[in-house]
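Comments concern the structure below.
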Amino acid sequence: MDIRAAEISAILKDQIKNFGEEAEVSEVGQVLSVGDGIARAYGLDNVQAGEMVEFESGVRGMALNLEQDNVGIVIFGSDREIKEGQTVKRTGAIVDVPVGKGLLGRVVDALGNPIDGKGPIQSTERRRVDVKAPGIIPRKSVHEPMATGLKAIDALIPVGRGQRELIIGDRQTGKTAIALDTILNQKPGHTAGGDEKAKLYCIYVAIGQKRSTVAQFVKVLEDQGALEYSIVIAATASDAAPMQFIAPFAGCAMGEYFRDNGMHAVIVYDDLSKQAVAYRQMSLLLRRPPGREAYPGDVFYLHSRLLERAAKMGDAAGAGSLTALPVIETQANDVSAYIPTNVISITDGQIFLETDLFYQGVRPAVNVGLSVSRVGSSAQTKAMKKVAGKIKGELAQYREMAAFAQFGSDLDASTQALLNRGSRLTELLKQPQFSPLKMEEQVAVIYAGVNGYLDKLPVTKVRAFEDSLLSTLRSKHKDLLDSIAASKDLSDENAGKLKSVVESVAKSIG
């Protein structure tokens, strides 16, 4: 038999060339115990903190506790399919989510998977959920207004782009309503051909809420045409605690895409109390030592590292911004509990909502005395500064006098005038839901209030006066509104025109 060496080597070489099967090497461990959404695994010696791991059933988890002899893993989803003795493998990736404009108009879960039935997400970029906040040098101080469309907030507690403003109050005081109105108020900026700098993209993170509530919220956004520039991230009450814990970080990563690309975004965390509760549950099950109110020692760091990522970037970094509106729910107006005091100390001010005001019909139920913006008038336009400067002082005096006026009946004329003005200004700051006002319209309304044009009207007619003034301005004096909007200032000429319009409307109502 003739053995042809050249032929055999050619065949072998040919076969080796076509051999493309590469062995996949992955580090695996073994599940020691599982329960309550927490698994402990042996092995996984080189796993990183915060790394995504995968169980046999396809369920994913995140390694949080790296101990000497085992790894504590929180499970994203149900732990029913995970059994003791099963294998768990590293993925090598830290938890990340899809980001970009492809997410606009969508409802996703805490890991960025679509839950709205509209097909897969069109996104090419992914970002880690937990990254370091920008340093001191790339930032710039907050100087542009982030209009909420609510008179009580834009005039008295202005929020700027890049600010963190806390919305705090008991249940059912209208916290989500303020966030919703803020999102709806951004619609004019998103009209076709609008300036990218004027646009404000909105991200709403629902943490531990009822599914019906989230569905209702999404429906309002859809009906009002606001979903197209918004992203909704939902980790509802029935989702596992790790999903509720990670959702705000996932939302923040999506918001940072806009901030880092020279665009502007606002993110609402509704609410961080429930995130803290989910984190407490995870920490206690991982056997981390409890601290005050059984929260873990690093619950302050949990919220501070999240909220520090909201920032106004300097020109060198693209001049983008991410504004955060965290929501905290208090129990019986107790602002001195652990989580509320933590978040108040982290944020740049708070909007304090009160049940009593809400039931008195003052809506939005903002307690102007306890609410504050630590950015202040640098987040207002010149026009708003001119008219809103007075209103703060007058309302403060009114609150002080109203407390004394309960005791005495014989008040001198100046005190009576102050009380009259205060009650009318309070009435003026009321606003129905889903009716945000543009900056120039707010300026006109507040101008009428602080310059005494309402003092002669009965309090019951203040609402009618406001409606009449706005409809007159919109129909007959649109040029005046446009001029204030363009210059962002109330010039003497415009103030004169506005004065004559206000006087004629006051006459017709009075």
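Glycine is no exception: its Cβ is also placed from the backbone N, Cα and C atoms.
Look at Swiss-Prot and you will find Gly169, Asp170, Arg171, Gln172, Thr173, Gly174, Lys175, Thr176 tagged as ATP binding site, backed by sequence analysis. According to Swiss-Prot, the site 'Required for activity' annotation covers Ser371, on the basis of sequence analysis.
Apart from Gly169, Asp170, Arg171, Gln172, Thr173, Gly174, Lys175, Thr176, the ATP site neighbourhood in this chain, defined by C-beta within 8 angstroms of the site C-beta centre, holds Glu329, Leu353, Thr355, Phe358, Ala365.
Separation of the C-alpha atoms of Thr173 (ATP binding site) and Ser371 (site 'Required for activity'): 15 Å, rounded to the nearest whole number. In sequence order, Lys175, Glu329, Thr330, Asn333, Phe352, Leu353, Glu354, Thr355, Ala365 constitute the residues six or more apart from Gly169 (ATP binding site) in its chain with CB-CB distances below 8 Å. Cα-Cα distance from Ser371 (site 'Required for activity') to Asp170 (ATP binding site): 14 Å (rounded to the nearest whole number). Residues within less than 8 Å, Cβ to Cβ, of Gly174 (ATP binding site) and separated from it by at least 6 positions along the same chain comprise Leu353, Phe358, Arg363, Pro364, Ala365. All protein chains considered, the CB of Lys175 (ATP binding site) has 25 other CB atoms within 10 Å. Of all Cβ atoms in the protein chains displayed, 18 besides its own lie within 10 Å of the Cβ of Asp170 (ATP binding site).
When secondary structure is read from DSSP and collapsed to three states, Gln172 (ATP binding site) falls in the coil class. Each of the recorded positions Gln172, Thr173, Thr176, Ser371 was scored by the other Cβ atoms within 10 Å of its Cβ; the lowest score goes to Gln172. There are 10 other Cβ atoms within 10 Å of the Cβ belonging to Arg171 (ATP binding site).
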